[in-house]
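Structure, as structure tokens:
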């Protein structure tokens with residue numbers, strides 16, 4: 001089994017969907033390793049726009065079987081709603097090519113209610129979650145009180161565990177705007193509907209042990225990783241290479257490619273440190289031209305310049321074999337383009353390839369930039385590297401050199417599926 005892993009290298013929203021969609025055309029199997037319906041990306045295929053959250057992007061390819069893996073958390077109503085939406089847009093038979101590990105955890109409406117209450121208690125220190133209940137669900141998993149997807153099939157066990165969760169949160173928060181019996185009633189219907197989708201992950205993988213091409217689709221990104229990201233302003237799962245290997249029980253020796261997806265600039269949704277953020281006309285222009293609004297929340301994304309310190313750190317953890325640089329065309333109309341090359345701490349220490357663990361330190365670094373000339377010409381839809389303006393090629397090659405020679409193999413030049421340069 002040859003395994004390709006696609007990972008976000010910044011704070012998410014890098015455009016992982018397009019490269020995953022492209023690679024899935026040759027894949028036998030596409031897997032989601034972590035996260036839940038908090039993730040979001042868009043794929044444009046045959047002029048139809050598909051929004052993905054919990055489902056793997058490989059569903060767009062009619063020959064690709066898809067798995068929601070053991071490290072994920074599954075909001076069952078969202079699973080069925082998203083599947084119906086995809087089938088309604090023409091992806092017929094998608095429901096026969098999607099499976100869920102019985103070891104994945106169930107994200108309940110209860111978790112969404114608790115998510116909102118926890119954010120409200122934090123006040124000005126809130127994390128800026130999507131409000132989907134992902135954090136509380138992973139908290140229950142870590143505390144060994146969560147409900148696994150496979151347990152939905154045992155009605156008595158399922159109902160006992162959900163009522164216990166509800167009782168615990170009621171003791172903590174008081175009366176909740178949530179009806180546990182109503183949710184239990186909904187799962188009486190979901191129980192039978194879920195039967196065709198639930199699988200033993202290891203047994204499932206044995207069916208594909210001879211697959212020449214397995215694709216792993218990362219959700220979120222390295223800087224949102226629970227261990228390696230800008231803690232506590234992170235998601236609640238392991239979003240890097242290690243998380244994918246763990247959640248899907250992958251053989252590291254079978255990994256042939258690790259693709260880091262990076263925007264040609266940097267964005268972030270929600271709260272937390274963002275050293276290269278531009279709270280000025282440059283940030284506004286990046287946001288406007290790049291149409292930077294979250295697929296899941298609709299929130300305006302914060303925007304800033306490309307951050308080499310962040311990307312060197314991300315590469316050191318995820319060990320990328322190649323990069324996909326996305327949204328190059330957004331930079332077409334800039335006279336000059338800045339790249340963050342170092343952080344300077346308050347005591348004068350200069351960092352170039354490590355990221356401070358302390359969020360307070362992250363908030364107070366000063367970024368040292370280099371300024372590169374813009375190209376002031378249209379790159380939208382360009383498909384050959386040699387057709388890019390010289391300064392655009394220089395920008396890409398500068399990033400390659402500064403990241404230790406990791407090749408930028410794919411370059412996104414627009415939203416359409418074929419707006420992509422593939423460098424051999």
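Here the Cβ of each residue, glycine as well, is placed from N, Cα and C on the backbone.
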Given Swiss-Prot lists 13, 14, 15, 16, 38, 39, 40, 41, 130, 144, 220, 235 for IMP, the same-site residue among 97, 186, 191, 299: 299
Using Cα positions only, nearest of the recorded positions to residue 328 (GTP binding site) (41, 220, 298): 41
Recorded positions compared (18, 41, 299, 300, 301) - highest count of Cβ atoms within 10 Å: 18
Largest separation between Cα atoms (Å) of residues that the record links to IMP, namely 13, 14, 15, 16, 38, 39, 40, 41, 130, 144, 220, 235, 299: 34
C-alpha spacing of residue 13 (active site, proton acceptor) relative to residue 300 (substrate binding site), in angstrom: 12
Residue 40 (IMP binding site) as reference: those recorded positions from 13, 18, 301, 413 with C-alpha within 10 Å of it: 13
Binding-site residues: 12, 15, 40, 298 - member with fewest neighbouring CB atoms within 10 Å: 298
Entry from the binding-site residues list 42, 130, 413 having the most other CB atoms no farther than 10 A: 413
